[in-house]
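A.B. asks: Annotations per TrEMBL:
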SIGNAL    1-23  signal peptide
DOMAIN    33-94  domain 'CFEM'
TRANSMEM  102-122  transmembrane segment
DOMAIN    123-349  domain 'Rhodopsin'
TRANSMEM  142-164  transmembrane segment
TRANSMEM  184-208  transmembrane segment
TRANSMEM  229-252  transmembrane segment
TRANSMEM  272-292  transmembrane segment
TRANSMEM  304-326  transmembrane segment
Amino acid sequence: MRFTLTFLTGLAATLLMTGVSNARTFNATAVLELPECVKQCGIDILPRYNCLVGEDCWCEREGPLQDELSQCVLLECPELREALEGLKFQALTCDWPRDRNLGTLATGISYALFSVASFFLLARFLSRWPYLKGAGLSWDDAIVLVCFIPVVGMTVAVTKEVGYGSGKDTWMLEIEDVVNYAKWFYIAIPMYIAAAFTTKLSLIALYLRVWPASRDCRYTTFRRLCWTMGFLLVGAALACSLAMIFACHPISNAWKYANTGNGTCINRVAAAYAYGGLNVIFDLIVIALPIPKLLQLDVSRRQKIGICSCFLVGLIATGCSVTRLFTLQNLTTARNITWDFLPCGFWSICMSA
């Protein structure tokens, strides 16, 4: 029975090819050697669109036909390698672009932002160093130092991803390189979550330092809110990190597909939306927390506006988070992962740095 189905699948694929000899030339043997799941998706979907392999409708890189083909391949093919074989065949047959490369730009931006983050970290510690007549170091500085660790990890991950083809079209890469890219993308996710949440946690620690407890009232409403938000941030960071680390069973399925896992993974794009939305909400709360206290300062209105503006600079990171959410919408059916995932990675780096 299995042999009969395989033979019929190959025969149907061959019949599909015979009607397009005048459209584009391709290796018919290569068609028969495509993974069964790829051929079956073509046999099931192309007739509904009155489209044949090699025609313009098949070669379009966007549209309902390509979305349906992508979704079918992502669901039916058990491994990333099989989907990539089909993608490579389609790209070579249709003469898709072969020279696009944003990898250098990605590493340049990553290194630039890492340098800026390193400079401000050093400036912060020097300005608070007691030997330089600073105010002294405290828990908020320790948390900032912890936050810097995943930022370093993300920079390394970006370098590795670019080395394996990030910023290039997937069909121009070796399959092994794409798999390695997916591994480093997976590694970068929990580091990104850790960097985002520890940054907010450092601000909470700063608030507790700036507005310490008094002898008469150790736990004011403001400090209670800060402590509550601190515990929520730690809990959310652990929950989101563990959810993304163990999103697939077994874990190796996380890089067999970068955005799905053939039924063995949770919907990671939906999880990214949930985390992104939660991150924006936490951003707004943490930024808004000290505003009432700042407005109560016994300074001029101009000074109050200036001080509040310094805290509101954090809205830039919130803007990056919101923009990142919009880059997630096309990842569900993305096939060209080393190219399509780049905007999401870019805004993740901007937000974390």
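Every residue, even glycine, has its Cβ placed from backbone N, Cα and C.
Caution: TrEMBL annotation is automatic and unverified by curators.
Not measured: the values here are computed from a predicted model.
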A.B. asks: Six or more residues out from either end of the transmembrane segment (184-208), which same-chain residues have a Cβ under 8 Å from its Cβ atoms?
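C.D. replies: Result: 138-140, 143-144, 146-147, 149-151, 153-154, 157-158, 160-161, 164, 222-223, 226-227, 229-230, 233-234, 236-237, 240-241, 244-245, 254-255, 258, 275, 279, 282-283, 286, 289-290, 314, 317, 321, 337, 341, 345, 348, 351-352.
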A.B. asks: Using a Cβ distance cut-off of under 8 Å, indicate which of 102-122, 229-252, 272-292, 304-326 has the most pairs with the transmembrane segment (142-164).
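C.D. replies: When the Cβ pairs under 8 Å are tallied, 102-122 comes out ahead.
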A.B. asks: State the residues, same chain only, that lie 6 or more residues beyond the ends of the transmembrane segment (102-122) and have a CB under 8 A from a CB inside it; answer 'none' if no residue qualifies.
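C.D. replies: Distal contacts: 144-145, 148, 151-152, 154-155, 158-159, 161-162, 165-168, 339, 342, 345-346, 349-350, 353.
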